[in-house]
Amino acid sequence: MEGDIKNVIKYWIEGEIENFIKVWLLIYVSLCYCFLASKILPKGLYSLLSFLPVIFFFLYVPLKINSIHLCGNTGFFISWLCNFKLILLAFNQGPLSDSSLSIAKFIILACLPIKIQQKSQKISEIYVKNRKGQILNYGIKTLLFAFIIRVYDYSDNIHPYIIVVIYCFHIYLCLDIILAIVSGLARGLLGLELEPQFNEPYLSSSLQDFWGRRWNLIVTRILRPTVYKPILGLSANILGQKWAPLPAVMATFLISGLMHELIFYYLCRAKPTWEITWFFLLHGVCLNMEICAKKVINGRFNLPRIIETILTVGFVMITGFWLFFPQLLRCNSDVRALAEYQVIGTFFKDVT
């Protein structure tokens, strides 16, 4: 019986990895086509039309992967980030529009959540200075992540609300560690200095601070040129510069909500309930209220920083409990994720 279980584990891992490699080989081939098309066709509608088959293929391809971790990351990197970069490229914008990029760097920039900083002596000195602190920081986060995985073994004896709080930290730590590994590999293999992906979101002092400057800066960078700025320009002609950010913010949160619905569909393979979209629309409305309140108050009244942080992080977590996490929990994504950890742990234990 034990031998049969080991064979099943081995088959699952080898099968998923083989499938994952095939999917990414197709992604690389598709990006080679986009690279060549961008060199031949004029920018604008013709380029966009040439990219559309690849964009639709990238929306479909995560469905070929069953692992919740591999599927989720592929959906985020390719279906969302890469597709938006290709749309920007069609109009000669974004990180892929640099004509000096080699095909290798083009593919890496397209399919990985990174943005290259211009090399300089100052940046290198700052990186060297902060390297030990970063290593310690991610070492602590890795230990916390491992601790959280062990805590799930006792989830039957823990209050459900506390479990949801643990999920918040799980998602943050998982994303932060994965993106740090990607950044480290890109730096090591290409010698590139990379911008940070998170900026200690648990220290946020407002929703503007949380969404704009601290949480998942990769998404912020890709949504700003593709959604926020175009809508801002259009609304400025109608509402004026003062109030133009309001519809731009709502449009940005709407698109973010829809893209999260897509990622959740890849993970759950279930009909959307639209709770995630409502989560982002709610935050868009509240962020706009915050913008309006700041314009009215104009710096005449400020709460202590610790109170602002507690209110901001508390609001994000409470609304997450209400609208963000239920769909994930209904499709047992947490159980599936833990099962994958156990399968991988058992596999490496047997190998060693």
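Our numbering is plain: 1 for the first residue shown, then up by one each step along the chain.
Note that Cβ sites are derived from N, Cα and C of the backbone, with glycine treated the same way.
Now, the feature entries from TrEMBL:
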- 195-281: domain 'Wax synthase' (DOMAIN)
- 20-38: transmembrane segment (TRANSMEM)
- 44-63: transmembrane segment (TRANSMEM)
- 70-90: transmembrane segment (TRANSMEM)
- 135-152: transmembrane segment (TRANSMEM)
- 158-182: transmembrane segment (TRANSMEM)
- 248-267: transmembrane segment (TRANSMEM)
- 305-325: transmembrane segment (TRANSMEM)
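Counting Cβ pairs under 8 Å to the transmembrane segment (70-90), the stretch among 20-38, 158-182, 248-267, 305-325 with the most such contacts is 248-267. Distant neighbours of the transmembrane segment (20-38): 47, 50-51, 54, 57-58, 61, 64-65, 67, 70, 74, 78, 82, 86, 89, 96, 103, 106-107, 110-111; these residues of the same chain sit at least 6 beyond its ends, with a Cβ under 8 Å from one of its Cβ atoms.
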